[in-house]
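Only one structure is covered here, and it is reproduced in the block below.
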Amino acid sequence: MISVMAPGSEKTGKVETILKKRVLLAISGGVDSSVAALLLKEEGYEVAGVTMCLGVREEENKVRCCGREAIEDARGVCEILGIPHYVLDYAPLLETCVIDKFVREYRLGRTPNPCIDCNRYLKFGHLLDSARTMGFDYLATGHYAKIERKESRWILKKAKDLVKDQTYFLYPIPVAALEHILFPLADRTKDEVREIARQALLPIAEKPESQDLCFVTQDSYRDFLQEQGCPVHPGPIVDRSGRVLGEHSGTVFYTIGQRHGLGISSPFPLYVVAIDVAGNSVIVSGKEDVYAQGLVAGEMNWLTPERPQEAEARIRHRKRTCSCRIVPEGDRIRVYFAEDQDAVTPGQAVVLYQEDEVLGGGVIEEALHYAN
């Protein structure tokens with residue numbers, strides 16, 4: 001039996017005594033998850049790697065994670081580290097849990113965040129269930145985030161590397177699941193992680209980060225949406241008075257706050273401020289109309305037993321947080337910003353923080369403007 005500091009325990013003082021505690025690590029073949037595996041092994045855990053196969057056709061293997069090349073990279077790292085490697089076929093789950101919603105949201109004129117849904121349903125839903133079924137004590141990933149013990153409960157916090165912090169994408173983790181999840185990179189920076197990979201002579205040490213949607217193998221998401229049957233009908237681009245200024249190529253190709261690619265001549269910059277799917281029109285206006293005083297959010301997931309009245313809100317990944325007031329409305333909330341926020345986009349997430357702790361989050365349904 002060996003004693004090791006549980007990840008984050010240097011902050012909580014918790015020492016975990018483990019008898020080869022078993023960890024299933026989601027490994028994509030990238031540097032983050034590979035170093036996470038190495039760190040867990042060095043800490044004394046019994047580690048196995050698992051890669052989700054998302055069903056990309058080999059002749060179209062342009063995917064940056066979870067494709068054939070990624071699976072081979074993950075397998076190679078596991079061999080170097082001397083740990084088992086599993087591949088689970090998650091293609092049907094990806095289709096029903098992520099892609100179907102992705103397409104449906106665009107049909108409704110919203111801009112979804114499929115990475116959040118992947119975390120919600122696949123990684124910290126089905127994969128966590130699989131880990132427990134397979135006899136593992138924990139599921140670990142290479143996310144930059146931190147889980148700590150606070151009094152009698154587990155909390156989700158921002159990572160040490162605030163530039164790489166991924167808590168915006170992790171708010172849907174069920175609160176009861178936090179105690180079964182490990183984030184080995186919680187107190188590492190990206191530069192430190194790459195250096196660890198170099199020192200360990202891992203072949204993926206210089207591998208670039210994935211940027212694209214993992215399930216879009218075409219040159220652009222536009223092609224993907226058309227393949228999925230999204231209606232693409234040209235229509236008018238209008239100002240708030242209804243005056244036609246130009247023509248759009250399909251409402252699914254536009255998002256709130258978009259400025260470029262409108263094809264409109266104007267003496268001042270114009271931005272997309274609304275998408276009218278029923279009328280097949282895109283509404284544009286000046287920069288001042290991009291700002292909102294608040295939002296309505298649904299599909300809430302709370303990670304704290306108390307419902308806060310004030311918090312810091314983040315409406316996009318890497319956008320700075322702003323102070324806000326929270327008003328509950330049944331299973332939804334209204335969020336009122338201390339400072340107006342630009343491009344509040346239905347379909348994206350709003351995540352609520354108290355200092356470094358994630359309080360919860362939800363899906364933006366509506367932006368609130370002064371005229372409402």
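Every residue gets a Cβ built from N, Cα and C, even glycine.
Of the residues G135, G142, G229, Swiss-Prot places G142 in the same ATP site as A26, I27, S28, G29, G30, V31, D32, S33, M52.
M52 (ATP binding site) sits 24 Å from Q348 (site 'Interaction with tRNA'), taking the C-alpha atoms as the reference points.
Here the candidates are the recorded positions C118, H143, Q348, and by Cα distance the one nearest S28 (ATP binding site) turns out to be H143. Within 10 Å of the Cβ of D32 (ATP binding site) there are 25 other Cβ atoms, across all protein chains.
Note on proximity: of the recorded positions C118, H143, C214, Q348, the one nearest A26 (ATP binding site) is H143, by Cα distance. Reported as a whole number, the C-alpha separation between C118 (active site, nucleophile) and D32 (ATP binding site) equals 18 Å. In the three-state DSSP assignment, the secondary structure recorded for C214 (disulfide bond) is coil.
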